[in-house]
Amino acid sequence: MDSDDIAPIAILIDELRSEDVQLRLNAIHSIPTIALALGPDRARDELVPFLQDSIDDEDEVLLALADELGRDFEQYIGGKEYAHLLLAPLENLSSVEETLVRDKAAESLTKIAAVLSNAQIEEYCIPLLKRLSGAEWFTSRTSSAALYPAVYDRVSPAIQDDLRKGYAALGSDDTPMVRRAAAKWLGPLLLKFSDQHILSDALPIYRRLESDDQDSVRLLTVEDLIAIAGKLKQSEIKEQLLKQIRHSISDKSWRVRYMAATHFNELATAVGKEITREELIGQYVQLLKDNEAEVRTAAASQIPGFSELLEKEVILARIVPCVRDLAQDSSQHVRAALAMRISGLAPLLGREPTIEHLLPLFLQLLKDDFPEVRLNIISKLETVNDVIGIGLLSANLLPAIVELAEDKSWRVRQAIIEYIPPLAKQLGKPFFDEQLGNLCMSWLGDTVYSIREAATINLKNLTDVFGVEWSQSAIVPKVMGMGQHPNYLFRMTTVQAITIIMPSLNLDIVRSEIVESLLQLASDPIPNIRFNVAKSLEVLATAFGKTPEGKAFVQQRIIPVLEQQKNDQDADVRYFAARALQKAAVET
């Protein structure tokens, strides 16, 4: 064997022994390249055994190794028939103390199990699974739970019997971390069970975990409950699961109730309309009135989805009174969650009930002290508009928008700008011009760049909504007027706004209203403005240089200015002018 053959593995060994963690990380990320250089035979005989012994390292390096081995690494060692050789290093990684490494190793194990044949699964995966499940140290037992769903439906019925027993043992393990893993992976596993084994095996494991003394285990069983309910008949759910459903929804730990509230729509869908109407309405109302704000927030986010399963009369009698209370909730987060979802009730109730019951709540939330509540209501107004029209809201909408537009947090100002075009569409041109036109222009002078940028995009979107003629009279003169401002930031905003709006306009407007002022700014004393003008002229040439009329215009008015800018004293101006000339030459 010559020195060239030894080189790749020797370099890897040296780098993995380096004291520098970054160097060791880079070495791990390069193992596919090293495997390619070695060829499949040597990768199997030398590289894999070496990696198997390389688990005494920093967690960061081990995490990278676990990840690399799950990224189709079998292709470097001879293909699927040899993929089982990767199980050994991953088995070692599944037993380390760091949770992230174990989880990644378990994820990679399931990926490898997916490419193995059924015979390989029985020969290599099942013994590994039994070793992990029966290991003395809890870390291995925790990792084993993730493997059960990956292999269960790929083995013979006799082995399946053993696997169900093995999983039941994990579900009643002494260590909470193992029981937590069992609760987490029970849902995916029981989807592979036959109907008889759901009742005989999955239900007892679920019940054991659902009554666990650790709330971190119980909260994970909510998703198992949904999976089981989806596999059972209505009569079986009534017989076997109603007690557990009540337990989870009224659990003494708010974290479990929060999980139940977060997944309530999925649960209602899984148990079906009949049981939902008989049993779950009361339970849901209980969650909407929970004494923990987090639970009420999660429950509020489920309102429209859950209400779809109910009759209109039931929504009015049971859900709307709770919505009324939530609109006055002491927690701003609950009110914000409600504001985001309340509009979803309007299509379910229809016009008259919405005006009678929901409109007062919309108006109340539009005046809320917390900006996020007002923003959420405004962001979802389209749904309400479809049912009752926006006219009934417009008087209260305006003060809310103005207040948000002047909010001290620039993120709130940015969010309201993004909602203006859809709102404008609903409010109509006259109302918008009278009430919101000046506000949209004022954002162009905001102190925060992100707001000025969002304001220019907003003007383009408004041009798309109201049309070119409207833009010519309402926007272009005001924007171009800022080009004469003594403060260079205003002049810069003019250039940037025109660059964004221009493709939505036509050549006549550009020629008559825009080009003179823009070309004047090409000789502005500030280099930043000059090179932004070059960018703007590039957009102009690209947008309008395709027609004969546009070509002539670009040749006569644009190219001479760019030729002049090409000799500018500033390097950036010269660069952007040259680039624009190149683009203009291609277009014309």
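Placed from the backbone N, Cα and C atoms, the Cβ positions cover glycine too.
Where the annotation comes from TrEMBL, it is an automatic prediction and has not been curated.
Now, the feature entries from TrEMBL:
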- 361-508: domain 'Phosphatase 2A Regulatory Subunit A helical' (DOMAIN)
- 86-124: repeat 'HEAT' (REPEAT)
- 202-240: repeat 'HEAT' (REPEAT)
- 241-279: repeat 'HEAT' (REPEAT)
- 280-318: repeat 'HEAT' (REPEAT)
- 319-357: repeat 'HEAT' (REPEAT)
- 358-396: repeat 'HEAT' (REPEAT)
- 397-435: repeat 'HEAT' (REPEAT)
- 514-547: repeat 'HEAT' (REPEAT)
- 558-588: repeat 'HEAT' (REPEAT)
Exercise. Mean pLDDT over the repeat 'HEAT' (397-435): what is the value?
Worked result: 81
Exercise. Any residues 6+ beyond the ends of the repeat 'HEAT' (280-318) with a Cβ under 8 Å from its own?
Worked result: 245-246, 249-250, 254, 257-258, 260-262, 264-265, 267-269, 271, 273, 325-326, 329-331, 333-334, 337-338, 340-342, 344-345, 348-350, 353, 357
Problem set entry | DSSP-assigned states of the repeat 'HEAT' (397-435) in counts, ordered helix, strand, coil | 34 helix, 0 strand, 5 coil
Exercise. Against which stretches of its own chain does the repeat 'HEAT' (397-435) lie, if we need a Cβ under 8 Å and a gap of at least six residues from its ends?
Worked result: 366-367, 371-372, 374-375, 377-379, 381-382, 385, 390, 442-443, 446, 448, 450-451, 454-455, 458, 461-462, 464-466, 470, 474
Problem set entry | Long-range Cβ neighbours of the repeat 'HEAT' (86-124) (under 8 Å; 6 or more residues past either end) | 48, 51-52, 54-55, 59, 62-63, 65-67, 69-70, 73-74, 77, 80, 131-132, 135, 137, 139-140, 142-144, 146-147, 149-151, 154-156, 159
